[in-house]
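Peer 1: What follows is a structure written as structure tokens; I'll ask about it next.
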């Protein structure tokens, strides 16, 4: 009886050891990820491909146009437009981290992505979000100085400070997201299936069979610093701006409305898209709530909202609402009168 029990115990230990060894072996062999959110659309894939390609071309052209306009016109070499230029560059950067990938996946029959490309996309998308919130916070600070302290504006917002603020919006974001990507890439994974249309960091963390407490704590710290930190700055500056507007002149209120409306609209639009994506991926809305009535295509579009609509929304909004940019764009489209017309007159 004792021998039988000993044999069973040894056999059980061997099976457990083999299972752990197999799990460890599998975790080191994840060289690609499978994206399960894609579904067969038949010939409609070409229609979706053309729509996304057209949207991507429109995003590139609109953002590049405004970047060129700001860089080429000396009248726009002011702090506000320099921050706008940084914002447009970030829109190009973020959309380039998604659209080429989407276009490739739509035409593909097998929806897989290599691990290295997946982590590169995570870096691009997450750093885009961090830079976006940081830039919007810097722009709100710029508007606060321009409206609340117009006489000291040029003293406070020097060219050196503009360069420093732009660097602060980009460099810390890259450093923080690099660490996030490194921590995720270092995890031992026991699977390679992601239920998304692009690589999401938390979806990869959920595949880990090793301890993820460091990843979760660091992720919360980065989210608090780069999302809630800028939102607090924006809230404080707009409270001060509103206070000045209520006690100021009609001209001050008009200036505030003209320059702050596109900024607020851009902030609300981007915040909505990011919040929905966080709720959907982090808190698994599909399993917590009954979303069976929501079409798969609509769910995918909502998850991509902040990466597809914001890069197009931003240049259109600022190009139309900012009178200085609009006037330059309008003047450049007007044809100069011909020599024959001058000579006739």
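Any Cβ shown, glycine's included, is placed from N, Cα and C.
I grabbed these lines from TrEMBL:
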- 43-69: transmembrane segment (TRANSMEM)
- 62-318: domain 'G-protein coupled receptors family 1 profile' (DOMAIN)
- 81-107: transmembrane segment (TRANSMEM)
- 119-141: transmembrane segment (TRANSMEM)
- 162-183: transmembrane segment (TRANSMEM)
- 217-239: transmembrane segment (TRANSMEM)
- 260-279: transmembrane segment (TRANSMEM)
- 299-320: transmembrane segment (TRANSMEM)
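So where do these features actually land, and what's packed around them?
Peer 2: When Cβ-Cβ distances below 8 Å are used as the criterion, the transmembrane segment (43-69) is approached by residues 76, 84-85, 88-89, 91-92, 95, 99-100, 102-103, 106-107, 308, 311-312, 314-316, 318-319, 325, 328-329, 332 of the same chain, each at least six residues removed from its ends.
On the 0 to 100 pLDDT scale, the model's mean across the domain 'G-protein coupled receptors family 1 profile' (62-318) is 89.
With a cut-off of 8 Å between Cβ atoms, the residues of this chain six or more beyond the transmembrane segment (162-183) that come close are 79, 82-83, 86, 119, 122-123, 126-127, 130-131, 134-135, 138, 141, 201, 214-215, 218-219, 222, 225-226.
With a cut-off of 8 Å between Cβ atoms, the residues of this chain six or more beyond the transmembrane segment (260-279) that come close are 129, 132-133, 136, 139-140, 143, 147, 227, 231, 234, 238, 241, 285, 302-303, 305-307, 309-310, 313-314, 317-318, 321-322.
Outside the transmembrane segment (299-320), and at least 6 residues removed from its termini, the chain residues within Cβ reach (under 8 Å) are 37, 55, 58-59, 62-63, 65-66, 84, 87-88, 91-92, 94-95, 97-99, 102, 125, 128-129, 132, 196-198, 262, 265-266, 269-270, 272-274, 276-277, 280-281, 286, 291, 326, 329.
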Peer 1: Quick test of the contact rule: Cβ under 8 Å, at least six residues beyond the ends. What residues does that give for the transmembrane segment (217-239)?
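Peer 2: For the transmembrane segment (217-239), the nonlocal Cβ contacts are 129-130, 133-134, 136-137, 140-141, 143-144, 173, 176-177, 179-180, 183, 201-202, 205, 260, 264, 267, 271, 274.
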